[in-house]
Amino acid sequence: MTWHPQANRLKTFVLLVGMSTLIVVVGAIFGRTALFFATLVAVGINVYTYYNSDKLALRAMHAQPVSEVQAPVMYRIVRELATGAHQPMPRLYISDTNAPNAFATGRNPRNAAVCCTTGILEILNERELRAVLGHELSHVYNRDILISCVAGALAGVITALANMAMWAGTFGTTRDEENPFALLLVSLLGPIAATVVRLAVSRSREYQADESGAMLTGDPLALASALRKISSGVQAAPLPPEPQLASQAHLMIANPFRVGDRIGSLFSTHPPIEDRIRRLETMVAGR
């Protein structure tokens, strides 16, 4: 099985360059001291998130560890996929919710955890479940948690500096008092630009995990079928639109909120299900 570390490194590099440029531009308003403290806070938060990503996500979903006796099919599938990829066996969890979804978390394969909801276990057959688990394991093998935290750290710096710009513009404490429009522009467009980059990277991660997972299982159409069921299931039984759950939504295999929910749109980091299905079907057609 061939993963895509080069593609992930390229995305990380582009992300660093683009967001770092924004940081330099925004930080130039205040000088080195403000830039230093904004960077320190944002990086600190995301380093903590990186090392505790599994705990944060599992806690938000009220997930419980399961044994092989409790979830024999899930264990068998994950063990087969991990063995085929020459990777260690992750910890397995189940979240007792009707919302059909799954996610993987952990900073590397040795610290990985995979969680399925009871809802997804009820609606998928074994072939589809295998495809979903292959997708989730691919996120771990592709080091997507690292990319998310890099994006989060840089976006956090930009947002913090933009907030400073707004505050300074309000109270007139910036040395750029001659151009208040520049402050307004920076405070508004900085966070928007950071969000756009984060969403682009996140959507790219989902496409990549679809492809890698389909290659791991050898069954792209099973994942396409699973995505159809999950999409319909989410509309019938979405997760409640709570901020704690929204902060972990990017880890899910599909947007866990009902289409049209304000919070679902605000925190959506997933490409359209139809596009993902189309790409998977193209993989089969191109064989």
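Any Cβ shown, glycine's included, is placed from N, Cα and C.
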(Q) According to Swiss-Prot, His135, His139 bind Zn(2+); which one of Glu68, Glu80, Glu206 is annotated to that same site? (A) Glu206
Q: Could you tally the C-beta atoms, other than its own, that fall within 10 angstroms of the C-beta of His135 (Zn(2+) binding site)?
A: 26
Q: Note the Cβ centroid of His135, His139, Glu206, the recorded Zn(2+) site, then list each other residue of that chain whose Cβ lies within 8 Å of it, in sequence.
A: Ala104, Glu136, Ser138, Asp144, Arg205, Gln208, Ala209, Asp210, Ser212, Gly213, Ile253
Q: Could you say which of the recorded positions Glu136, Glu206 has its Cβ with the most other Cβ atoms inside 10 Å?
A: Glu136
